[in-house]
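*Asks:* Next up is a structure, given as structure tokens.
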Amino acid sequence: MTQDQLKQAVAQAALDHILPKLESRSVIGVGTGSTANFFIDALARHKMDFDGAVASSEATAERLKKHGIPVYELNGVNELEFYVDGADESNARLELIKGGGAALTREKIVAAVARTFICIADQSKLVERLGAFPLPVEVIPMARSHVARELVKLGGDPVYREGVKTDNGNVILDVHNLMIGHAPELEAQINNIVGVVTNGLFAARPADLLLLGTSEGVKTLTR
Ligand code: 5RP
């Protein structure tokens, strides 16, 4: 199976998981990236079965709208039963690294609101220890050098993601070579640096369910 076929399989598995629980008033949180895009395309075939979606990025909002799925502002939504999104890495505790697509802040906000966070990923994303994928950190532009210096003090090698501006108008530092021992602690520590908007560790609020696409089929991991 190709990587795209694995992504498609987990997108369908996420849909199969949520479909029986959807009601006409349900609003679904939708993530960003190539795996999330497969989910959006699958979701579109059932757009009559729910009310609409909250998007974690402008790109996702656009794709949802193209499919005719209503997109709501998070502030106007009282309940979000499900958030479905991909990841760059997950460990067995379903702590994640996200932000490869620079959408980490909105993704973290939508995940915080959702009752159930379903992560969908192909098997290459499951790792024993987080950190081979450089950790994305969203930073207020004027704080870039300060934050970079602080990240070096934490043992990382931050690299400015050239030419990328987030949907919130900020920049991204990708931090290489971090020793991620206790992920919730490091997540809080980095978020405490003045000028950081948030970082791509999803450990304080990990996924609730990981649907992992493997050559033997979709595996379900829970915490
Ligand atoms: C975007 C993300 C994505 O979920 C992550 O980069 C995985 O993307 P893909 O499904 O394309 O592998 O965090 O900010």
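Count begins at 1; order follows the chain as displayed.
From the backbone N, Cα and C atoms, a Cβ is placed for every residue, glycine too.
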*Asks:* Pick the one from Lys65, Lys125, Lys153 that TrEMBL also lists for the substrate site with Thr32, Gly33, Ser34, Thr35, Asp85, Gly86, Ala87, Asp88, Lys98, Gly99, Gly100, Gly101.
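*Replies:* Site partner of Thr32, Gly33, Ser34, Thr35, Asp85, Gly86, Ala87, Asp88, Lys98, Gly99, Gly100, Gly101 for substrate, according to TrEMBL: Lys125.
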*Asks:* Rounded to the nearest angstrom, how far is the Cα of Thr32 (substrate binding site) from the Cα of Glu107 (active site, proton acceptor)?
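*Replies:* One finds 8 Å between the Cα atoms of these residues.
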*Asks:* Given a separation of at least six residues and a C-beta threshold under 8 Å, show me what packs close to Ser34 (substrate binding site) in the same chain.
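*Replies:* The list for Ser34 (substrate binding site) reads Asp4, Lys7, Gly86, given in order along the sequence.
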*Asks:* Per DSSP, Ser34 (substrate binding site) is which: helix, strand or coil?
*Replies:* helix
*Asks:* Determine the C-alpha span of the substrate site listed in the record, that is the greatest distance between any two of Thr32, Gly33, Ser34, Thr35, Asp85, Gly86, Ala87, Asp88, Lys98, Gly99, Gly100, Gly101, Lys125, in Å to the nearest whole number.
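*Replies:* So the binding residues stretch over 15 Å, Cα to Cα.
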*Asks:* Validating a neighbour-count step here. Other CB atoms within 10 A of the CB of Lys98 (substrate binding site): how many?
*Replies:* 29
*Asks:* Specify all same-chain residues, apart from the site residues Thr32, Gly33, Ser34, Thr35, Asp85, Gly86, Ala87, Asp88, Lys98, Gly99, Gly100, Gly101, Lys125, whose Cβ lies within 8 angstroms of the center of the Cβ atoms of the substrate site, ordered by sequence.
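*Replies:* Going along the sequence, the neighbours appear as Gly31, Ala36, Ala103, Glu107, Ala121.
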